[in-house]
Amino acid sequence: MRRTVIGDETTARDVARADWVAGAGGVVRVGLTGGIASGKSTVSQMLGERGAVIIDYDRLSRDVVAVGTQGLAQVVEAFGREVLVADGSLNRSALGSIVFADLQARRRLEAIIHPLVEEAAHRVDEEARAADGLVVVVHDIPLLVETGRADEFDVVMVTDVDPAEQVRRVVERDGCSQADAWARIHAQASREEHLAVADVIIDTSVPLEDLPEQIDRVWSRIAGALRFDRR
């Protein structure tokens, strides 16, 4: 088992061990993931504030289907012009209602979006790895588990919260029904599947003001592993 639970001191693997820095050369590549509304964006922001280079796959997935892109043209070809709003931009709500209810539709969308996002992410990753000094590159990937990418990273960090709290957050954030929130959760990998690939588990059920303590602890261990690897 490869796990460090930062939230409650349960540790089965020490983050500061040198074998966490598989990439060597002064770079640690972190795969950050978790279910919908599990706090990934908050954790990603906090890691960025501590010096990590953040590659936000959600943002990239929006960029590659912006107005005028080939990605948007492919989406319209696959799903029709009803997924556009009046100004020609993507109607994410309309598209979401299609793909969350239909596995085959979701796979068609992923086949369009994922290669474009991967190309963009690779460019950012290469630029970060070419920089001088010690670098932590965080790939914030909502579908890391679903796409089987855990082994690509030196550290896999999972944001974890009870599913009932996920539902509450989704309903509050998006104004959808509980049924819709549950459908979105069930469309992703399960909580157990996320935890199974985790090297580090961040407990995001804690009050927001308590979360930086967890981030500081894992950041110091990853940074310590980097320094150890450089000696």
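Each position is counted from 1, following the chain as shown.
Yeah, the Cβs are placed from backbone N, Cα and C, and that goes for glycine too.
What Swiss-Prot annotates here:
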BINDING   A37, S38, G39, K40, S41, T42  ATP binding site
DOMAIN    29-231  domain 'DPCK'
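Scoring each of the binding-site residues (S38, S41, T42) by how many neighbouring Cβ atoms lie within 10 Å, the top position goes to S38. Residues within less than 8 Å, Cβ to Cβ, of A37 (ATP binding site) and separated from it by at least 6 positions along the same chain comprise V161, Q166, R169, V170, R173.
Shown in sequence order, T159, V161, I202, T204, L211 are the residues of the chain, 6+ apart in sequence, with a C-beta less than 8 angstroms from the C-beta of G39 (ATP binding site).
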